[in-house]
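This report concerns only the one structure given below.
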């Protein structure tokens, strides 16, 4: 079969400079942030909720009990959902077919912590099954834990050679227990980390330093996890190379912008049935997520305000036709408040006290830190569960604020994320894992690296056949005029 070449032998990933004073964010996990699921696909037996999965004795069809999920009997239902997801993840399937002869991850032992849905289960089966590596004995290839997940999808990866420790309704203690079970395994030691948020990396670094030093590479896809890696690098404590997938173009532009442009409406409609025409909405943050949310809301006739700290993003919002305001200026009049900043305490108790009756509050940004939900758990306020992921917080005067998913991520908690977008992200992660695992010694130092544009463009090219898109090819004269290789990369590294 034709050899897949992901990077030239002498080509390094563009090293992202660690700047003094770079803003860093800490991430806290609460019970509420780990207790989330998709209302679109809750398929559980109520009797299963009475017993913690940690107390159950379950075995799969191969006789192994090296996993912990809610109900392994739902695996076949999960398999059908995965098969549906695969239909819109053709690029990832194509990558699997191209790599089957080479098995570029043969020998890799990947430990991961990510959201487990039908879509990420496709990735888990790709890494854990015979696609990119040899057919390992059950559970010997990929150990994975989760923060949010559908109730049934993870049973299917369990049958495909992936050790899964995750279930709907994990407490904070359950969450860290699942991570520890993935790391602390007799006769098995991870040599690669696939993380989303930095929790797994942090756990291995703090609890298992000897394991951390032997890791060959870390692939991180979230803003928070990347900030944590930069903190370690700045302190001189990052002893392994790490890949910043979050800032790749295929992640920023597609996962953040196009994904949120669709999933924001999906989550709000499913939970509240609200009509957006004429509604006043304030979107906090005009990064890629905020841009996607604003575009969708504007298209439905909503009156959209934007808050920003960055003058460049603020100017973009103005040029796109949005009024840039301070949250305090519009908090009394808006019908919906959406946070998309990646920060903490963006919506405070003072803001919540000033909101009008029936104002909807939700988060599309970072974990469960953007809305100060803790300040609402006081004796004078009454919480009323309306439906799954929808709470009315009632003030003494009768005012109600509609809080969605208790401040957790709206699209992951209350709806679904478009499969095609997750295909792009998963393909990017796969290529980053392959590159780090197969890189010759010395190519990557103990630091954080960005994906090269050549790899971003390769990920994009794998997805173009889905649209029957045909690229125009530069002539030799045109390529020379632009100073480009005919085959790319076409964008500079700083793009």
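In case you wondered, yes, glycine gets a Cβ from its N, Cα and C as well.
The feature region 'Disordered' is assigned by TrEMBL to 1-65.
The compositional bias 'Low complexity' annotation in TrEMBL covers 26-45.
When other Cβ atoms within 10 Å of the Cβ of residue 251 (substrate binding site) are tallied across all protein chains shown, the result is 24. Among the features that TrEMBL reports, substrate binding site is placed at 117, 196, 221, 251, 255.
Model confidence over the domain 'S-adenosyl-L-homocysteine hydrolase NAD binding' (256-417) stands at 95, taken as the mean pLDDT rounded to a whole number. Positions annotated as domain 'S-adenosyl-L-homocysteine hydrolase NAD binding' by TrEMBL: 256-417.
In sequence order, 256, 257, 260, 340, 364, 365 make up the list of same-chain residues 6 or more apart from residue 289 (NAD(+) binding site) whose Cβ falls under 8 Å from its Cβ. The NAD(+) binding site annotation in TrEMBL covers 287, 288, 289, 290, 291, 292, 308, 411.
The shortest Cα-Cα distance from residue 288 (NAD(+) binding site) to any of the binding-site residues (196, 221, 255) is found for 255.
Long-range Cβ proximity for residue 221 (substrate binding site), meaning a same-chain Cβ under 8 A and a gap of 6 or more residues, is found for 114, 195, 196, 245, 246, 251, 425, 428, 429.
Shown are the binding-site residues 290, 292; the one with the most C-beta atoms within 10 angstroms of its own C-beta is 290. Across the structure, residue 308 (NAD(+) binding site) and residue 117 (substrate binding site) place their CA atoms 32 angstrom apart. The Cβ neighbour count for residue 411 (NAD(+) binding site), using a 10 Å radius over every protein chain in view, is 25.
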